[in-house]
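K.L.:
Dumping what Swiss-Prot says about this protein:
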type: DOMAIN; residues: 32-225; note: domain 'Fibrinogen C-terminal'
type: DISULFID; residues: 41-60; note: disulfide bond
type: BINDING; residues: 164, 170; note: Ca(2+) binding site
type: DISULFID; residues: 172-185; note: disulfide bond
type: SITE; residues: 176; note: site 'Implicated in ligand binding'
type: SITE; residues: 186; note: site 'Implicated in ligand binding'
type: SITE; residues: 198; note: site 'Implicated in ligand binding'
type: SITE; residues: 199; note: site 'Implicated in ligand binding'
type: SITE; residues: 210; note: site 'Implicated in ligand binding'
């Protein structure tokens with residue numbers, strides 16, 4: 001590549017030089033691949049992805065005492081009316097204000113947040129289909145009570161069309177309208193129907209017994225690094 005340009009074609013020559021320099025830089029510039037998608041929720045947390053949940057927006061305090069606090073009320077000098085919090089029952093029930101400033105999250109929302117329980121297990125795994133997705137679960141801690149290990153550990157999965165409970169036994173999946181690791185039949189049945197007759201519902205016996213369906217459940221797993 002010549003670095004000199006002379007004569008009437010000097011302008012074209014300079015353009016060619018510039019193009020060659022740009023090409024050289026581009027060809028030698030390091031490639032920065034896009035980051036891979038997270039493989040699970042634990043990796044999302046580690047890589048600082050953020051998600052805004054539904055159905056309500058909340059303000060999270062991630063600083064105080066290790067973080068993870070859901071703020072349900074705030075007062076401050078935000079130049080609002082002096083009687084801003086002097087409201088009726090329905091206002092306090094539904095919540096009001098601006099979560100970036102002064103607010104009350106709402107008694108219904110506070111009830112939903114505070115009326116929760118959890119059961120945490122150190123081990124939760126199942127086998128492959130050849131082994132009927134047998135459950136292996138151990139190491140309970142939490143405040144919901146254990147409604148898994150004593151009855152459902154080491155049990156095969158059953159559905160309405162496949163009874164792996166006990167050969168010749170009544171189909172627990174058909175009887176209690178779900179799919180689960182039944183064992184003649186259950187002390188938990190989180191895939192059951194929203195019913196209130198005995199043991200027919202979305203059941204976690206150690207917390208709500210056999211007559212009350214849980215309104216909301218989630219089963220979550222993450223890899224232990």
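Cβ from N, Cα, C; glycine included.
Distances, neighbours, how buried they are, the whole picture for these features please.
P.N.:
For residue 60 (disulfide bond), the same-chain residues lying six or more positions away in sequence with a CB closer than 8 A to its CB are 67, 68, 69, 70, 71.
Here residue 164 (Ca(2+) binding site) comes close to 132, 156, 157, 158: these same-chain residues lie at least six apart in sequence, with C-beta atoms under 8 angstroms from its C-beta.
Proximity of residue 172 (disulfide bond) to non-local residues of its own chain (separation of 6 or more, Cβ distance below 8 Å) is seen for 158, 163, 165, 180, 182, 184, 185, 186, given in sequence order.
Sequence-distant neighbours of residue 176 (site 'Implicated in ligand binding'): residues of the same chain at least 6 apart with a C-beta under 8 Å from its C-beta are 182, 185, 186, 189, 192, 199, 200.
For the recorded site, residue 186 (site 'Implicated in ligand binding'), the DSSP three-state label reads coil.
According to DSSP, residue 198 (site 'Implicated in ligand binding') is assigned to coil rather than to any helix or strand. The Cβ of residue 198 (site 'Implicated in ligand binding') lies under 8 Å from the Cβ of 210, 211, each of which sits 6+ residues away along the same chain.
Around the Cβ of residue 199 (site 'Implicated in ligand binding'), the number of neighbouring Cβ atoms within 10 Å comes to 18.
DSSP classifies residue 210 (site 'Implicated in ligand binding') as coil under the three-state reduction.
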K.L.:
With every protein chain in view, how many other Cβ atoms are within 10 Å of the Cβ of residue 185 (disulfide bond)?
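P.N.:
Result for residue 185 (disulfide bond): 19 other Cβ atoms within 10 Å.
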